[in-house]
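Novice: If you look up Swiss-Prot, you'll see 73-84, 123-131, 133-152, 200-214, 202-209, 278-309, 294-304, 308-348, 324-339, 326-336, 331-332 marked as disulfide bond. The feature O-palmitoleoyl serine is assigned by Swiss-Prot to 206, with a curator's inference given as support. The region 'Disordered linker' annotation in Swiss-Prot covers 238-266, and the record cites experimental evidence as its basis. Per Swiss-Prot, signal peptide is recorded for 1-31, and the stated evidence type is sequence analysis.
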C-alpha cells in the first residue's frame, strides 16, 4: 500500500468531514469509482462534481489546499472572538459563514489562495498529470540582468487557472454575495501571484558567479496569511450596482454616496457588517465564545474582558509535575527531583 497516497487521501477525507477511509493509492480511488467518491463529497456544485469525477487526483490536492487555507485562517484569528469557525454544513471549503462580512471575505480569499498554491506545488513536484514546470521560463537569457531561466519554475498560471475553474464553479446564484465571493476568490489568487519568489544559483570557477540561473518558486503560505490579514484589516465595504433591465447585480462599487468607484483587484470586500461573534447564532453562523480560553491580563482581543463579551470567565487550576534537577551519580544512575507548578487557566462563561 502506498503510504504517501494513503496519507493524502486521509487529509482529503478529514478536510471534508468524512470517515477516514484506509484505502491505498490512486488506483484504489479508481477501483472504488470516482463518481461514487465525488457524489459523497458534500457541498459541491454540479460543475465541481464533474471535475472531481474526471480528475480525482486533482480533487485530493484541492482538499489539501482548502485545508491549508483553513489552518492558516485559524492561525491568523486564533486570539479573536471569531477564530475562523462557523456553524452549518461542512463542505470541501469548511463550514461557511452565512453573513457577507469581512470574515467571510478573508475565508474565501485564503481558501482560494490555498487551492491555487496546492495545485501549483503539485504540478512542480510532478504529482499531477497535465502539468509540470513552467515551460515558458526555460532557457531564455536576460542579458541586462545577467541571468537566464533554469531549473523548474512553478507554473503559477496553470495553478491559478485550474483553481479558478474549480473554486469559482460553486458560485451559481446571481446576487450580491456571489459577486463578493468571486471578487475575494480572485483577490486571494492575485495576491498569491504577486508574492511569487525568484530564486537563483551562481555557476563559475572557485565560487565565482560567471553565469546565473533563476527560477520562480511559491511563497511560504504563512507569508500569504499575513498579507491577507492586513487586507482583512483594510477590507472595503461595497454594494451591488444593478442592471436597470433585469435588476440583477452586475458589479460591486465602494459604498459611498455619489460614487461608482470599484474596489481594487487585491482588496477584500464585504457587503454586510460583522456580528460581534459573542453568542452562538445559526442565522449568522457564529459559534460564540462560550468555553473559549482567554488571557486574564491581556488588553487585546484575547483578553477575558473582550473575548467573553462581559459575561465573565471561569478559573481552572491544575498542577503540572515533571522531573527536574537531574544528576548523574557514579556509578551508574541518574537521580532527579520532582518539581511541580500550579497553573491557572481561564475560559469564558
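Quick reminder: no glycine exception, Cβ is built from N, Cα and C everywhere.
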Novice: Using a 10 Å cut-off on Cβ-Cβ distances across all protein chains shown, tell me which of the disulfide-bonded residues (73, 309, 348) has the largest neighbour count.
Specialist: 73
Novice: Within 10 Å of residue 133 (disulfide bond) (Cα-Cα), which of the disulfide-bonded residues 73, 123, 202, 304, 309, 339?
Specialist: 123
Novice: Using DSSP, tally how many residues of the region 'Disordered linker' (238-266) sit in helix, strand and coil.
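Specialist: So the counts come to 0 helix, 11 strand, 18 coil.
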Novice: Whole-number Å only: compute the distance from the Cα of residue 278 (disulfide bond) to the Cα of residue 308 (disulfide bond).
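Specialist: On Cα coordinates alone, these residues lie 7 Å apart.
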Novice: Let me make sure I understand the structure: which of the disulfide-bonded residues listed (331, 339) has the fewest other Cβ atoms within 10 A of its Cβ?
Specialist: 331
Novice: How long is the line from the C-alpha of residue 209 (disulfide bond) to the C-alpha of residue 200 (disulfide bond), rounded to the nearest angstrom?
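Specialist: Spelling it out, the Cα of residue 209 (disulfide bond) and the Cα of residue 200 (disulfide bond) are 11 Å apart.
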Novice: Please compare the disulfide-bonded residues 214, 278, 308, 324, 332 by how many other CB atoms fall within 10 Å of each one's CB, and tell me which has the fewest.
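Specialist: The disulfide-bonded residues 214, 278, 308, 324, 332 were compared, and 332 has the fewest Cβ atoms within 10 Å.
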Novice: Fill in the CA-CA distance, residue 200 (disulfide bond) to residue 304 (disulfide bond), as an integer in Å.
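Specialist: A Cα-Cα distance of 48 Å.
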Novice: Around residue 84 (disulfide bond), how many other CB atoms lie within 10 A of its CB?
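Specialist: So the number of other Cβ atoms within 10 Å of residue 84 (disulfide bond) is 22.
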Novice: Closest to residue 309 (disulfide bond): which of the disulfide-bonded residues 131, 294, 324, 348, going by Cα position?
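Specialist: When the Cα distances are compared, 348 comes out closest.
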Novice: Would you mind listing, in sequence order, the residues at least six apart from residue 294 (disulfide bond) in the same chain with a Cβ closer than 8 Å to its Cβ?
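Specialist: Same-chain residues close to residue 294 (disulfide bond) (Cβ under 8 Å, separated by 6 or more) are 302, 303, 304, 307, 308, 313, 346, 347, 348.
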